[in-house]
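Down below is the structure, laid out as C-alpha coordinates.
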Amino acid sequence: MADTAATDTLATSPIKERQNSLENALAHRPDQKELEERNILHPRAEISERQQELEKAMAHRPGKDDLVQRNILPHNANVAPALIAHQRELEKNMLERDLKEKLSHRPEPQEVIQKGILRPDEDPTNPRE
(Lines of atoms letter the chains of each structure in order from A and count residues from 1; the text may use other names and numbers.)
(Lines give C-alpha, C1' and ligand atoms only; values in the text may rest on other atoms or scores of the structure.)
Protein backbone atom coordinates (compact mmCIF):
# COMPACT_ATOMS: atom_id res chain seq x y z
CA MET A 1 0.00 0.00 0.00
CA ALA A 2 2.85 2.42 0.81
CA ASP A 3 4.42 1.64 -2.58
CA THR A 4 1.30 2.67 -4.51
CA ALA A 5 1.06 5.97 -2.61
CA ALA A 6 4.69 6.77 -3.43
CA THR A 7 4.12 5.84 -7.08
CA ASP A 8 1.00 8.06 -7.29
CA THR A 9 2.92 11.03 -5.87
CA LEU A 10 5.73 10.56 -8.39
CA ALA A 11 3.27 10.28 -11.27
CA THR A 12 1.74 13.64 -10.41
CA SER A 13 4.94 15.43 -9.40
CA PRO A 14 5.79 18.68 -11.27
CA ILE A 15 8.95 17.10 -12.67
CA LYS A 16 7.03 14.19 -14.13
CA GLU A 17 4.40 16.57 -15.57
CA ARG A 18 7.09 18.63 -17.30
CA GLN A 19 8.73 15.50 -18.64
CA ASN A 20 5.41 14.25 -20.04
CA SER A 21 4.69 17.68 -21.53
CA LEU A 22 8.10 17.76 -23.21
CA GLU A 23 7.67 14.27 -24.60
CA ASN A 24 4.26 15.24 -25.97
CA ALA A 25 5.63 18.43 -27.58
CA LEU A 26 8.53 16.53 -29.16
CA ALA A 27 6.14 13.90 -30.54
CA HIS A 28 4.13 16.59 -32.36
CA ARG A 29 7.10 18.67 -33.50
CA PRO A 30 7.14 19.50 -37.24
CA ASP A 31 9.97 18.07 -39.30
CA GLN A 32 12.81 20.14 -40.80
CA LYS A 33 11.31 20.30 -44.29
CA GLU A 34 8.01 21.71 -42.98
CA LEU A 35 9.89 24.34 -40.93
CA GLU A 36 11.87 25.37 -44.04
CA GLU A 37 8.63 25.69 -46.05
CA ARG A 38 7.19 27.95 -43.34
CA ASN A 39 10.42 30.06 -43.38
CA ILE A 40 11.21 29.23 -39.78
CA LEU A 41 14.42 27.40 -40.67
CA HIS A 42 16.67 28.31 -43.57
CA PRO A 43 18.25 25.67 -45.79
CA ARG A 44 21.87 24.80 -44.97
CA ALA A 45 23.08 26.09 -48.36
CA GLU A 46 21.54 29.52 -47.69
CA ILE A 47 23.17 29.69 -44.25
CA SER A 48 26.51 28.76 -45.79
CA GLU A 49 26.17 31.51 -48.42
CA ARG A 50 25.33 34.09 -45.77
CA GLN A 51 28.25 32.94 -43.67
CA GLN A 52 30.61 33.34 -46.63
CA GLU A 53 29.24 36.83 -47.36
CA LEU A 54 29.76 37.79 -43.74
CA GLU A 55 33.31 36.46 -43.71
CA LYS A 56 34.05 38.39 -46.92
CA ALA A 57 32.62 41.59 -45.43
CA MET A 58 34.63 41.09 -42.24
CA ALA A 59 37.82 40.61 -44.28
CA HIS A 60 37.30 44.02 -45.93
CA ARG A 61 36.37 45.75 -42.69
CA PRO A 62 38.63 48.73 -41.88
CA GLY A 63 41.03 48.40 -38.98
CA LYS A 64 40.86 50.27 -35.69
CA ASP A 65 43.60 52.73 -36.68
CA ASP A 66 41.74 53.61 -39.89
CA LEU A 67 38.50 54.18 -37.97
CA VAL A 68 40.29 56.43 -35.49
CA GLN A 69 41.92 58.37 -38.34
CA ARG A 70 38.52 58.84 -40.03
CA ASN A 71 37.05 60.07 -36.69
CA ILE A 72 34.63 57.15 -36.45
CA LEU A 73 36.22 55.83 -33.27
CA PRO A 74 37.52 58.23 -30.63
CA HIS A 75 41.28 58.57 -30.15
CA ASN A 76 40.87 57.50 -26.55
CA ALA A 77 39.34 54.11 -27.35
CA ASN A 78 40.83 52.76 -24.12
CA VAL A 79 38.21 54.72 -22.16
CA ALA A 80 34.94 52.99 -21.37
CA PRO A 81 32.15 54.08 -23.76
CA ALA A 82 30.02 55.23 -20.84
CA LEU A 83 32.74 57.71 -19.86
CA ILE A 84 33.48 59.12 -23.33
CA ALA A 85 30.59 61.61 -23.26
CA HIS A 86 31.66 62.86 -19.82
CA GLN A 87 35.26 63.13 -20.98
CA ARG A 88 34.23 65.17 -24.04
CA GLU A 89 32.11 67.49 -21.90
CA LEU A 90 35.00 67.95 -19.47
CA GLU A 91 37.37 68.77 -22.35
CA LYS A 92 34.83 71.26 -23.74
CA ASN A 93 34.46 72.95 -20.35
CA MET A 94 38.23 73.16 -19.95
CA LEU A 95 38.60 74.76 -23.39
CA GLU A 96 35.82 77.22 -22.60
CA ARG A 97 37.48 78.18 -19.32
CA ASP A 98 40.86 78.65 -21.04
CA LEU A 99 39.29 80.79 -23.76
CA LYS A 100 37.54 83.01 -21.22
CA GLU A 101 40.81 83.39 -19.33
CA LYS A 102 42.68 84.42 -22.48
CA LEU A 103 39.91 86.80 -23.54
CA SER A 104 40.01 88.49 -20.14
CA HIS A 105 43.66 89.45 -20.81
CA ARG A 106 43.01 90.69 -24.34
CA PRO A 107 43.86 94.36 -24.89
CA GLU A 108 41.09 96.90 -25.51
CA PRO A 109 40.44 97.95 -29.14
CA GLN A 110 41.73 101.52 -28.51
CA GLU A 111 45.01 100.13 -27.16
CA VAL A 112 45.45 97.96 -30.28
CA ILE A 113 44.74 100.97 -32.51
CA GLN A 114 47.29 103.09 -30.60
CA LYS A 115 49.92 100.36 -31.05
CA GLY A 116 49.29 100.41 -34.79
CA ILE A 117 47.99 96.84 -35.00
CA LEU A 118 44.58 98.04 -36.22
CA ARG A 119 43.74 101.11 -38.25
CA PRO A 120 41.13 103.51 -36.81
CA ASP A 121 38.65 102.47 -39.51
CA GLU A 122 39.01 98.84 -38.32
CA ASP A 123 37.76 99.64 -34.80
CA PRO A 124 35.57 96.66 -33.82
CA THR A 125 33.52 98.81 -31.41
CA ASN A 126 32.27 101.09 -34.23
CA PRO A 127 29.97 99.26 -36.60
CA ARG A 128 30.35 100.03 -40.29
CA GLU A 129 27.50 101.51 -42.21
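Note: Cβ is positioned from N, Cα and C throughout, glycine not excepted.
Annotated in TrEMBL:
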- 1-25: region 'Disordered' (REGION)
- 1-12: compositional bias 'Low complexity' (COMPBIAS)
- 15-25: compositional bias 'Basic and acidic residues' (COMPBIAS)
- 20-45: repeat 'RPEL' (REPEAT)
- 52-77: repeat 'RPEL' (REPEAT)
- 97-122: repeat 'RPEL' (REPEAT)
- 100-129: region 'Disordered' (REGION)
- 100-109: compositional bias 'Basic and acidic residues' (COMPBIAS)
- 118-129: compositional bias 'Basic and acidic residues' (COMPBIAS)
Sequence-distant residues near the region 'Disordered' (100-129) by C-beta distance (under 8 Å, 6 or more away from its ends) are none
Residues in the compositional bias 'Basic and acidic residues' (118-129) grouped by DSSP into helix, strand and remaining coil: 3 helix, 0 strand, 9 coil
Using DSSP, how many residues of the repeat 'RPEL' (20-45) fall into helix, strand and coil, respectively? 16 helix, 0 strand, 10 coil
Count the residues of the compositional bias 'Basic and acidic residues' (100-109) that DSSP assigns to helix (H, G, I), to strand (E, B) and to coil, and report the three numbers in that order. 6 helix, 0 strand, 4 coil
